[in-house]
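Below is one structure, written out as structure tokens, with a few remarks after it.
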Amino acid sequence: KSSKREWKPLEDHSCTDVPWLLLFILFCVGMGFICGFSIATGAAARLLSGYDSYGNICGQKNVKVEGIANSGLDLTHKKYVFFLDPCNIDLVHQKIKSIALCVSACPRKELKTLADIQKFAETNGSTLCSYELQPSEYTTDPRAAKLCPKYPVPESAPIPFFHRCAPVNISCYAKFAEALITFVSDSSVLHRLISGVMTSKEIIMGLCLLSLVLSMILMVIIRYISRVLVWILTILVILGSLGGTGVLWWLYAKQRISASALDTQIAKDNLQALLIYAIAATVFTVILLLIMLIMRKRVALTIALFHVAGKVFIHLPLLVFQPFWTFFVLILFWTYWITVLLFLGTTGSPVPNEEGFVEFRMAGPLKYMWWYHVVGLIWISEFILACQQMTVAGAVVTYYFTRQKRNLPFTPILASVNRLVCYHLGTVAKGSFIITLVKIPRMILMYIHTQLKGKENACARCMLKACICCLWCLEKCLTYLNQNAYTATAINSTNFCTSAKDAFVILVENALRVAAINTVGDFMLFLGKVLIVCSTGLAGIMLLNYQRDYTIWVLPLIIVCLFAFLVAHCFLSIYEMVVDVLFLCFAIDTKYNDGSPGREFYMDKVLMEFVENSRKSMKEAGRGGGAEGRELKPM
């Protein structure tokens, strides 16, 4: 059995889950086919150059579309798309409800009458009315009311790289802005907020850099303050639970005295509710204190692991930059994905619609390609995150199971990346696919819940939310198990299922310690995030308070605090990952080694002290006889 098998850390390296790597490569080839298909069918040209309502691509010669009068024109000199009514936005279908034309230049100033539009056409050679009208007919032809732009024509400028004429004044999109930003009732408020951001952009950048530096510093010094944080947390929890319970009983006694004088039904109901709350709080406090009493010895392991994690970052400083590389790769992939999605939105064959204009639609099975594209977004994103987890696990495993730290590779991170690419990409692909299988149904249910909001009954709404919650919990559990499976793969080069089973056995054998690390440890890291956000926010208030060139600085402060939380979360999530990897290594070390000759421990001195203290406590409790001796057993 795998639990009896001898573990040989870092001794053997073999390829794992090769079929899943081949499946992932085939899937990526399919993603590439979608991109190539959209480009080959002209979607890239339509997206970048733009096209008019008659199916003509601006800036080139076009082919005639059957049944469309103004199609097949030579628009070589008309390179920009111009909308006759650019402010008429359909929020439901997310498009501009206006005739689009190809023009040679965008109107760089406001045109208030048809005479101004005619003068602009004669001066610049850019006809803003429909193709069948000549500039000389703008003021005389009765069709000009429908075939010319709605005036006044706003000042516009071409969007870089996309050749669309967009209004310079964003107040044109008032409806769209109201739909997105419902709290802005006065446009001056929005202008003041934006001006505050633009004026204080140097301060914002400086504060963002400060949050970055604080996160790095906290990752180094957290090992020195972990013991203090644990005791502060313990005292606060005890005082909070005892104080809350005492207040509830005090309110109940006070209400009982006043209720006897009033003798009303409302007073009796309130008295009964207070009694229920007080009893529930008492039961909760007793259970909480018992749990803390049982787990008090295991908190010491959490403190020791945090101390060793700090040493890991000193020996492996490149771990600090791991979130940057992951974020950079994710941004590159998301940019590619959005570009292809835009290609898919403009691909297909030209088809006349009900209004007599042209739309591009895909027919047959090809119209479902965007489903494949969405699955690719989830799977490949999870694959990139899983590569980060495997890289961190491999580096920490190398650190832990190297007895002489001076014999560590020059760059353990790069050595871990090399092992990942050469041996374990299939394992990462399989683990990320499992998360994708859980995430897709949850996202579908969330979409259904959003679409049916206000239409479904209470029972259906409750069932939907319950299913979404269950899938979310399952996803979190699988993510945690996957991370430990990657650690087991990094240690012993076993495939995903074997590694997941081995890791699960180890975690079950140390369930109470896992609970202590995931509660106390996570709360300590949460306090670290709060500390970074509060410190950055306080510095922001002090700096922005002396800035007099703007009117509102609430938005800059919110931006800074959100960025600080994001940075702290990215860095401390790496710290949390390192602690989890160290714990699994520690559990394996203590299970298969006992410190005797030939079976020496790999662990750090701090963890060794924890094991020795646990053994002493076990012996002392064993002399007294009883279950407490068995409770303090290290493994």
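Each position is counted from 1, following the chain as shown.
Using the three backbone atoms N, Cα and C, a Cβ is placed for every residue, glycine included.
Packing against the transmembrane segment (20-45) from elsewhere in the chain are residues 57, 60, 336, 340, 343-348, 360, 366, 369, 372-373, 376, 379-380, 383, 425-427, 429-430, 433, 496: each is 6 or more residues past its ends and has a CB under 8 Å from a CB in it. Among the features that TrEMBL reports, transmembrane segment is placed at 20-45 (among others).
According to TrEMBL, the feature transmembrane segment maps to 203-222 (among others).
Residues 271, 274-275, 277-278, 281-282, 284-285, 288-289, 292, 299, 302-303, 520, 523-524, 527 of the same chain lie 6+ residues outside the transmembrane segment (228-253) yet bring a C-beta within less than 8 angstroms of a C-beta in it. The transmembrane segment feature in TrEMBL is assigned to 228-253 (among others).
As annotated by TrEMBL, transmembrane segment applies to 274-294 (among others).
Residues or ranges marked as transmembrane segment in TrEMBL: 300-320 (among others). Residues 216, 219-224, 226-227, 230, 392, 395-396, 399, 405, 408, 411-414, 513, 516-517, 520-521, 524, 571, 574-575, 578-579, 582-583, 586, 604, 606-607, 609-610, 613 of the same chain, all 6+ positions outside the transmembrane segment (300-320), place their C-beta atoms under 8 angstroms from a C-beta of that stretch.
The feature transmembrane segment is assigned by TrEMBL to 327-348 (among others). Residues of the same chain lying 6 or more positions beyond the ends of the transmembrane segment (327-348) and with a Cβ under 8 Å from any Cβ of it are 31, 34-35, 37-39, 41-44, 46-47, 51, 360-363, 366-367, 369-370, 373, 376-377, 380-381, 384-385, 570.
For 368-401 (among others), the entry in TrEMBL reads transmembrane segment.
The feature transmembrane segment is assigned by TrEMBL to 523-544 (among others).
If you look up TrEMBL, you'll see 550-572 (among others) marked as transmembrane segment.
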Study note, to complete from the structure: Counting only residues at least 6 beyond its ends, the same-chain positions whose CB falls under 8 A of a CB in the transmembrane segment (523-544) are 200, 203, 206-207, 210-211, 214-215, 218, 222, 226, 229-230, 233, 302, 306, 553, 556-557, 560-561, 564-565, 567-569, 572, 575-576
